[in-house]
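Worksheet: one structure, shown below.
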Amino acid sequence: MADGKRFDLAGKRVFVAGHRGMVGAALLRRLSREPVALVTASRDELDLTRQADVEAWMAAQRPQVVIVAAAKVGGILANDTWPVEFLEQNLLIELNLIRSAFRVGVEKLLFLGSSCIYPKHSPQPIKEDYLLTGPLEPTNEWYALAKIAGIKLCQAYRKQHGAEFISAMPTNLYGPGDNFDLATSHVVPALVRKMHEAKREGAASVAVWGTGSPRREFLHVDDLADACVFLLERWSGSEPVNVGCGEDVTIRELAELVRAVVGYQGELVFDPTKPDGTPRKLLDVSRLAALGWRPRIGLREGLAGTYAWFLANAAAARGLAGAAA
Ligand code: GDP
């Protein structure tokens with residue numbers, strides 16, 4: 001920690017914004033093992049894009065710790081298709097939460113960004129200080145710009161007011177509670193669902209978007225949640241902290257792994273008419289490693305757990321009405 005002090009979460013009122021999402025739900029699971037009082041707000045109760053409502057809610061609830069896990073998120077095609085929603089909703093959510101957290105005297109705030117904030121052609125692995133050193137990947141620049149604004153807002157509150165606002169940049173995440181809607185999902189839930197359905201229907205092949213050659217790093221969402229608790233307690237600084245496993249695979253390798261986990265025997269057919277996105281985004285995780293944190297869940301094990309979750313929760317999962325039946 002920059003100043004050597006440890007922040008003690010014990011006894012704090014912790015507001016997890018976005019608790020219905022994959023990340024927020026994992027944070028609730030992880031924080032339920034800590035001696036904290038959890039505070040959440042459902043979408044019906046609080047629309048995070050409405051400034052006056054967020055201010056009133058925060059003033060009434062008075063959380064001492066805030067985790068900004070609420071965001072408009074989506075895969076490569078969704079980002080590219082709805083630039084207005086990705087830019088606007090993310091700016092509104094983070095501005096409302098960060099600003100009102102400061103106003104009610106929140107002791108510590110953790111803002112969650114994403115590895116897509118870094119320049120498209122960053123040297124690999126990507127260090128935190130490559131931020132704003134080059135142009136962004138066009139398929140997700142709207143989301144990335146909003147997330148960069150969130151990091152900067154935390155830095156501004158720290159610089160001008162000494163606020164304990166920190167940010168973490170997770171790599172590509174996957175796990176239970178993911179979005180399995182093929183039009184908006186990320187690659188892992190998409191491949192899990194496609195392979196499962198192809199196996200069930202005896203289909204000869206599954207379409208995998210792009211060329212299969214982009215490389216991605218994948219982190220299980222339960223590992224991210226653990227890292228968030230770790231950073232809240234141990235990190236104080238204006239620089240963001242990358243959260244990843246330090247290893248990446250090609251999309252082809254990922255698809256082979258999902259095929260093995262699902263037990264699908266058919267072929268993989270790559271569709272180069274769909275976008276590849278950035279060629280590679282492997283995070284340099286040495287800052288987090290130096291603090292003493294390591295992920296625990298390997299990719300194969302994590303994918304197997306995700307498939308098991310999919311099978312058990314298909315009816316209730318987002319974007320999945322009856323898909324695993
Ligand atoms: P990204 O990391 O922002 O590019 O997000 P995604 O998880 O959506 O995509 C990662 C990579 O997986 C891209 O190269 C996609 O083209 C590739 N991919 C392959 N098949 C699929 C699929 O069915 N859905 C998605 N979302 N991506 C896929």
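Cβ atoms here come from the backbone N, Cα and C positions, even for glycine.
According to TrEMBL, the protein carries these features:
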ACT_SITE  Y143  active site, proton donor/acceptor
BINDING   18-24, 112-115, K147, 170-173, H186  NADP(+) binding site
BINDING   K194, W209, R216, D276  substrate binding site
DOMAIN    14-244  domain 'NAD-dependent epimerase/dehydratase'
SITE      S114  site 'Important for catalytic activity'
SITE      C116  site 'Important for catalytic activity'
Of G24, L173, W209, D276, binding-site residues neighbouring ligand 1, Cβ under 6 A: W209, D276
DSSP state at G24 (NADP(+) binding site), helix/strand/coil: helix
Other CB atoms, at most 10 A from the CB of G24 (NADP(+) binding site): 23
Three-state secondary structure, the residue listed as 'active site, proton donor/acceptor' (per DSSP): helix
Under 8 Å by Cβ from K194 (substrate binding site), counting only residues of that chain that are 6 or more apart: L182, V206, A207
Using Cα positions only, nearest of the recorded positions to G18 (NADP(+) binding site) (C116, Y143, R216): Y143
Using Cα positions only, nearest of the recorded positions to G24 (NADP(+) binding site) (Y143, R216, D276): Y143
DSSP three-state assignment for C116 (site 'Important for catalytic activity'): helix
